[in-house]
Ligand code: A2P
């Protein structure tokens, strides 16, 4: 069978989750050559169904599933599920594309943004490819072209991360708390440590010994690994905000060679996966709701010289964290694998 005709048995692990459901939608939307689609989740969802390409697909219990025959497995069911089942799927012959942080920092697992380092998918001795963290993903789609031309030495970034990054239960919590508070009831935080509706929380993932959170350190570790440059300094603050879909980032970079806003704009206008929205007037910038949510691009605006540094540039980077930040990039990696034949 020629490569053009080949169809793949694709398993989506975590198919009932916020990312898994979008993986299914994007596989269909981009007409990925799926021969057979297998939807997997926990025991509690088994027996139910999910939608793929307009039809219902049964959900199976991951713990009881035999991975023999799966060509490509997209995992988005959390780190512990990936750690336990990812290697089993790979041993059975599947290429595992993992959205968790379980393998991202292993030297023998490539960490790939499809627009930045696509060639890295080929070098996967364990049969596992890692999908980067959503915040790193959108930041690097925009910064990699600037790094290649001008050399980025340091990145200061504050993130404004939507609740969908924390999964379906977090989306529900924001909705529930918003309704409760508007009806003069208690917020009753469960998924987040404090109230998220009408608030923001400077804490995502566990605290580390150095005072940063793990979500912040992911930006440091992953930027260096993906750009293949351990000398890049990254200083992140990650904040959860009461937005349903779409992460935003206020980014200040320092480059080796000075890059003007005009040069950066020209570079980004031609960069794959990037859309520049940068008019200096009300509404002339991207926001999660007006631009990112439900769309594929990484939007960049507010491009301006950092007047506090001779080689500094500021950018505002917004993208749908569930799409480019997770599901879309995973499917793009699957497309790269499928092209290998
Ligand atoms: P389930 O719906 O059966 O719990 P989200 O990040 O939106 O919360 O989604 C997490 C996804 O991971 C869901 O599809 C969830 O399935 C799945 N999942 C969580 N724990 C397990 C597990 N132990 N085995 C298989 N799937 C799991």
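Positions of Cβ are set from backbone N, Cα and C atoms, glycine also.
Of the residues 321, 329, TrEMBL puts just one in the NADP(+) site with 16, 17, 18, 19, 44, 45, 164, 165: 321. Neighbour counts of Cβ atoms within 10 Å were compared for the recorded positions 18, 134, and the top value is held by 134.
The binding-site residues in question are 16, 164, 321, and the one with the fewest Cβ neighbours inside 10 Å is 16. In the vicinity of ligand 1, defined as a Cβ distance under 6 Å, the following of the binding-site residues 16, 104, 164, 321 are placed: 16. In this structure, residue 247 (active site, proton acceptor) is part of a beta strand by DSSP. Around the Cβ of residue 247 (active site, proton acceptor), the same chain contributes 134, 135, 138, 159, 160, 161, 162, 165, 288, 292, 318, 319, 321, 325, each under 8 angstroms and 6 or more positions distant in sequence. Helix, strand and coil counts from DSSP across the domain 'Semialdehyde dehydrogenase NAD-binding' (9-124) read 33 helix, 33 strand, 50 coil.
Cβ-based neighbour count (10 Å, all protein chains) for residue 104 (phosphate binding site) stands at 22.
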